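Colleague: Here it is, the structure, as structure tokens.
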Amino acid sequence: TERGFLDCTSPPVTGPCRAGFKRYNYNTRTKQCEPFKYGGCKGNGNRYKSEQDCLDACSGF
């Protein structure tokens, strides 16, 4: 879907909050899901709780 495409191609966004959750972001250059720190608010759709969730959503982009 277009939403999935946009989610999987967006850069990681920590957001303004400071919670520091470990999340995964799909990197279109490396074709891998990579960990990053998520602050807990705002951000974008390219943010997954697990590497597997990220791969399930974004493999093939």
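Using N, Cα and C of the backbone, Cβ positions are placed for all residues, glycine too.
Note that the coordinates shown come from a computational prediction; the quantities given were computed from them, not determined experimentally.
Okay, these came from Swiss-Prot:
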type: DISULFID; residues: CYS8-CYS58; note: disulfide bond
type: DOMAIN; residues: 8-58; note: domain 'BPTI/Kunitz inhibitor'
type: DISULFID; residues: CYS17-CYS41; note: disulfide bond
type: DISULFID; residues: CYS33-CYS54; note: disulfide bond
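Show me how these features fit into the shown structure, please.
Modeller: Under DSSP, CYS8 (disulfide bond) is assigned to a helix (H, G or I) in the three-state scheme.
When pLDDT values are averaged over the domain 'BPTI/Kunitz inhibitor' (8-58), the model yields 96.
Under 8 Å, Cβ to Cβ, and six or more positions away along its own chain, CYS17 (disulfide bond) finds GLY39, GLY40, CYS41, LYS42.
The DSSP secondary structure for CYS33 (disulfide bond) is strand. The Cβ of CYS33 (disulfide bond) lies under 8 Å from the Cβ of TYR24, ASN25, TYR26, ASN27, TYR48, GLU51, CYS54, LEU55, CYS58, each of which sits 6+ residues away along the same chain.
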Colleague: Around CYS8 (disulfide bond), which residues of its chain at least 6 apart sit with Cβ under 8 Å of its Cβ?
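Modeller: The list for CYS8 (disulfide bond) reads TYR26, THR28, ASN46, ALA57, CYS58, PHE61, given in order along the sequence.
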Colleague: Count, for each of the disulfide-bonded residues CYS41, CYS54, CYS58, the other C-beta atoms lying within 10 angstroms of its own C-beta, and report the residue with the smallest count.
Modeller: CYS41
